[in-house]
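Lifted from TrEMBL, the feature list:
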DOMAIN    9-256  domain 'Glutamyl/glutaminyl-tRNA synthetase class Ib catalytic'
BINDING   Arg11, Phe12, Ala13, Pro14, Ser15, Glu47, Tyr186, Arg204  L-glutamate binding site
MOTIF     14-24  motif ''HIGH' region'
BINDING   Cys103, Cys105, Tyr126, Cys130  Zn(2+) binding site
MOTIF     242-246  motif ''KMSKS' region'
BINDING   Lys245  ATP binding site
Amino acid sequence: MAVSASGYRGRFAPSPTGPLHMGSLVTALATWLDARAHDGQWLVRIEDIDYPRCVRGADTDILQTLERLGLVPDEAPVWQSRREALYADALHRLDMADQLYPCGCSRKEIADSLLHVRERHQTLGYPGTCRNGLNGKLPRAWRVRVPDGPGATICFDDRWQGRQCQDLETEVGDFVLRRADGLWAYQLAVVVDDGLQGITHIVRGADLLDSTPRQIHLQHLLGLPTPTYLHVPVVVNTVGEKLSKQSGAQAIDTSAPLDALRMAGEHLGLRNVGKDVKDWLERATADWLQRLTTLPAVAGR
């Protein structure tokens, strides 16, 4: 694993559920610009462990689209589907440390439990039904224990969003690392991969902001360093929904790469300059650090 002189290693980690669209391009561009502005390395990781949602050939399409837009990774891409042994090893380590337990709850049972909690006007989170035993149920998934009391609050400083705190005990509860269908949960896979790939800076969409405390908790349990985080605003459609394949997002038109980059840059607050892709990316890289100094998370310090 090569390391740049600055020590910065960032990544773009798309799920191959369809072609690259404007929402995912904004994230890709932000990750690339932040890496280049810090003289760092930029990696691409295909997060394809949720097999039922993956579309055949979408990974190749995403990589080709990135290349046509001038966003080329510094190392060969990796696929999560080829790294399952690493997730199994991490799960085993957590189990040996008594940080896991099997859960036999169905989604309906959990929903019914949370409905009862709502009626008592308490904060929601997995109620810990199986924490002390399955009570005759068959194991379905594996959950990791979260701390109790004051130690349950995880805080971090986001470079775009500012100070963030979450009480894992009351807001989340013990969360799943291996699903009932046998698939690996995103929270475990992303932490293992970021740690083993030496990722120092994570730039991604703000829809993943509330996942970060869970990932920091896992980093602590696995003895992995905690990266620096930056969560960019997500792109929304005309009715305010996050732009996604499910909400009808259109594939990036690679016949007009400069137009696509300009549109993504506008969402990030960058100037619409540059006569071609190479020129635009160079100017946008210079603008990126200046853009970050105008954010409330920075300007208010």
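Including glycine, each Cβ sits where the backbone N, Cα and C put it.
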For Cys105 (Zn(2+) binding site), just count the other CB atoms lying within 10 A of its CB, please.
21
Of these binding-site residues, Ala13, Cys130, which scores lowest on Cβ atoms within 10 Å?
Cys130
Reported in the order helix, strand, coil, what are the DSSP residue counts of the motif ''HIGH' region' (14-24)?
3 helix, 1 strand, 7 coil
Measure from the Cα of Arg204 (L-glutamate binding site) to the Cα of every one of the binding-site residues Cys103, Cys105, Tyr126, Cys130, then give the nearest.
Tyr126
What is the nearest of the binding-site residues Cys103, Cys105, Tyr126, Cys130 to Phe12 (L-glutamate binding site), using the Cα of each?
Tyr126
Taking the Cβ of Glu47 (L-glutamate binding site) as centre, how many other Cβ atoms lie within 10 Å?
20
Between Ser15 (L-glutamate binding site) and Cys130 (Zn(2+) binding site), find the distance joining the two CA atoms and give it rounded to the nearest Å.
31
Over the domain 'Glutamyl/glutaminyl-tRNA synthetase class Ib catalytic' (9-256), what is the model's mean pLDDT?
90
